Amino acid sequence: MKAVIFDLDGVITDTAEYHFQAWGSLAATLGIPFDREFNEQLKGISRSESLDKILARGDRSSAYSADDKQELAAQKNTEYQRLISALTPADVLPGIRPLLTELREARIGIALASASKNAAFILDRLELTHYFGSVVDVTAIRHGKPDPEIFLTGAVNLGVQPADCIGIEDAQAGIQAIKGAGMFAVGVGTPSQMQGADIVVATTAELSLRMLEAHFI
Ligand code: GL1
Ligand code: MG
């Protein structure tokens, strides 16, 4: 085990909940049904693809021009940025800061593989940026999760082989991306949401270097 590559939203901090709320408000203004079960399909998916899935659910895929869609995506992002503006270091999920500290002390690489364009801002607000050897630049990624590209790029940036990496995710698309990259996948959530994961934890409080080393194969 030479590196751990983290998802952000729902793994490092509970911003998955804020994305849910911001997409929910947008869907409500469009009169499109939106619930937690449907939201599972959006987790880990880029802003524009998420919007496309919501519009498709409302049978409105061709109702908006490219400009209109950009405006709708911007509306969601404005609401989301309002929600994350108050983030502080206290919003790091349980177990994550101790794990990052243990990894750094053990000289194990640390990378971020988030589809969010707000990722760098959030790491700064949480005062976690200094732990990361690589924050993958999502604007340079051609294929989003479930494609493995973002995790593979994290491994390249850290100079390690995928087989020596652990990926940690809370989204089905993310688990698929980690496995597609040939890495060991840790899912945070319920086993039914984390199909294909090598191990599943209910919460991040269960994560530690010792625990990862005990399961890594
Ligand atoms: C985008 C989507 C979010 C979420 C993240 C990945 O973030 O909009 O709903 O799927 O990717 O966790 P952002 O809008 O911040 O680029
Ligand atoms: Mg996530």
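Note that Cβ sites are derived from N, Cα and C of the backbone, with glycine treated the same way.
Owing to the predicted nature of the structure, the values given are computational and were not obtained by experimental measurement.
Here's what TrEMBL has on this protein:
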type	residues	note
ACT_SITE	Asp7	active site, nucleophile
ACT_SITE	Asp9	active site, proton donor/acceptor
BINDING	7-9, Trp23, 42-47, Ser50, Lys76, 114-118, Lys145	substrate binding site
BINDING	Asp7, Asp9, Glu169, Asp170	Mg(2+) binding site
Quick one: give me the count of other CB atoms within 10 A of the CB of Asp9 (active site, proton donor/acceptor). 24
Around the recorded Mg(2+) site (Asp7, Asp9, Glu169, Asp170), other residues with Cβ within 8 Å of the Cβ centre, ordered by sequence, are Phe6, Leu8, Gly10, Val11, Ala16, Lys43, Gly44, Ser114, Ile168, Ala171, Gly174, Val188
Tertiary neighbours of Lys117 (substrate binding site) (same chain, Cβ under 8 Å, six or more apart): Arg47, Val138, Thr139
Find, among the binding-site residues listed as Glu169, Asp170, the one whose Cβ has the highest number of other Cβ atoms within 10 Å in the structure shown. Glu169
When the Cα of Glu169 (Mg(2+) binding site) is compared with the Cα of each of the recorded positions Asp7, Trp23, Gly44, which one is closest? Asp7
Trp23, Arg47, Ser114, Lys117: which of these binding-site residues put a Cβ within less than 6 Å of any ligand 2 atom? none
Taking DSSP as the reference, which of helix, strand or coil describes Trp23 (substrate binding site)? helix
Checking the recorded positions Asp7, Asp9, Arg47, Asp170: which ones have Cβ within under 6 Å of ligand 1? Asp9, Arg47
Hey, how far is Asp170 (Mg(2+) binding site) from Ser114 (substrate binding site), Cα to Cα, in Å? 11
